[in-house]
Amino acid sequence: MTFRNCVAVDLGASSGRVMLARYERECRSLTLREIHRFNNGLHSQNGYVTWDVDSLESAIRLGLNKVCEEGIRIDSIGIDTWGVDFVLLDQQGQRVGLPVAYRDSRTNGLMAQAQQQLGKRDIYQRSGIQFLPFNTIYQLRALTEQQPELIPHIAHALLMADYFSYRLTGEMNWEYTNATTTQLVNINSDDWDESLLAWSGANKAWFGRPTHPGNVIGHWICPQGNEIPVVAVASHDTASAVIASPLSGSRAAYLSSGTWSLMGFESQTPFTNDTALAANITNEGGAEGRYRVLKNIMGLWLLQRVLQERQINDLPALIAATQALPACRFTINPNDDRFINPDEMCSEIQAACRETAQPIPESDAELARCIFDSLALLYADVLHELAQLRGEDFSQLHIVGGGCQNALLNQLCADACGIRVIAGPVEASTLGNIGIQLMTLDELNNVDDFRQVVSTTANLTTFTPNPDSEIAHYVAQIHSTRQTKELCA
């Protein structure tokens, strides 16, 4: 039997994990084992919301060392993280300034300023990326305007995954899938757009040309002295999650469900027409030259904050209590900017309901019900937008990532969207990370080949839409009201 041992470092906004994958070539089987799991979260430092990158690096090294201590010879390592955030380095590779998080308020007003000065359509035609107030382009503009004293010291800007790969190898890389989240990469050249960079205030010399997934960045020397290749995987965690989504055929959509919900489909060509711009659709880079045509949805961040504020530790019990409540009594727009990082999420949700003359969710279960129903309704709207954009309906939706363990939300999604939902795999980002490593090691041919492996090894659960459910009736009522308004317009 021929085995490969690959390690995936998967960093999310709320937690991180070091996972060991064992791939058996002859039977094409893939098993995952969690080596080390650790918390991640926002910190307050010198008036900024930041990440503790030193703690994250220590946790990564601890996990890698644990694998080596077991006597396992690692064939390769890959790192994926969330998008848009970056670390600045000087000529000696030392950090400049703080690793500020995307939920910091320093970018307030800058997106509107960019649209006014550069033109919204021109920015979109250049980048193909949706307008989000925390995109890297606005973070860099905030930095150069608010902290100009740092500029002379900056030699390099590395996105998070590239920074941690640099810390392991001493080599710098700018991986393409994550680079596209910055709104600074030109969609036609796959290189940094000089006009957008100029507006951000950043120097093009801070960046190297983006590399597509699959190159070896450098080597990590383990405690035993072995040189282990560190592979540039699809380092945006959503890009990795999509690679591991067992999509079958062109009518399959995906929903990567976690702190953020990202819903979309794969395409060989980007969508940058006026319809896509009006819907704020993004065309993020994927593996093998594919585009991830998708839309960001605020996701389970709202629930995470409610759990934290209400000190709720038993999530299954909360979901069970939530399931007993009537649907759609309280609904909000999860994508409202007010929910990006409010002082108190519970109060913000209640205020949104109060302002729209709805009942006020008071109990833990009512708040959770509000979040789940609102997400499912937004999923239905976004799926409809995506289908209209490409001119073809979807036949199934693959929900992957940690959020796919929420059976109630999966069923609500199926009912609201009127589509078959297939949930799993849970560790999609980790698996996609491993998939690129196995391709780099010449164990697999391509993404479609890897998806066949995932389909046969992952635990997948199907949810069939119930047209008689409360939320399905609610959606039908909304659509009927919309059609009436359109006829009367």
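Each Cβ is built from the backbone N, Cα and C atoms, and glycine gets one as well.
Record features (Swiss-Prot):
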BINDING   Ala13, Ser14, Ser15, Gly16, Arg17, Thr259, Gln304, Gly402  ATP binding site
DISULFID  Cys68-Cys222  disulfide bond
BINDING   Gly83, His236, Asp237, Thr238, Asn296  substrate binding site
ACT_SITE  Asp237  active site, proton acceptor
DISULFID  Cys353-Cys370  disulfide bond
DISULFID  Cys413-Cys417  disulfide bond
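Feature annotations (Swiss-Prot) mapped to structure.
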residue: Ala13; record: ATP binding site; DSSP class: coil
residue: Gly83; record: substrate binding site; DSSP class: coil
residue: His236; record: substrate binding site; DSSP class: strand
residue: Asn296; record: substrate binding site; DSSP class: strand
residue: Cys370; record: disulfide bond; DSSP class: helix
residue: Gly402; record: ATP binding site; DSSP class: helix
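The Cα of His236 (substrate binding site) lies closest to that of Ala13, out of the recorded positions Ala13, Cys68, Cys413.
Ranking the recorded positions Ala13, Cys68 by C-beta neighbours within 10 Å puts Ala13 at the top. For Cys353 (disulfide bond), the same-chain residues lying six or more positions away in sequence with a CB closer than 8 A to its CB are Phe330, Ile332, Pro359, Ile360, Pro361, Cys370. Less than 8 angstroms from the CB of Arg17 (ATP binding site) sit Val9, Asp10, Glu34, Ile35, His36, Arg37, Phe38, Gly63, Glu427, Thr430, each of them six or more residues away in the same chain. Burial estimate for the binding-site residues (Gly16, Gly83, Gly402): highest at Gly83, by number of other CB atoms within 10 Å. Spanning the listed substrate site, residues Gly83, His236, Asp237, Thr238, Asn296 have a farthest Cα to Cα distance of 14 Å. Long-range Cβ proximity for Asn296 (substrate binding site), meaning a same-chain Cβ under 8 A and a gap of 6 or more residues, is found for Gln130, Leu132, Trp260, Ser261, Leu262, Thr282, Asn335.
Maximum C-alpha to C-alpha distance over the listed ATP-binding residues Ala13, Ser14, Ser15, Gly16, Arg17, Thr259, Gln304, Gly402 is 18 Å.
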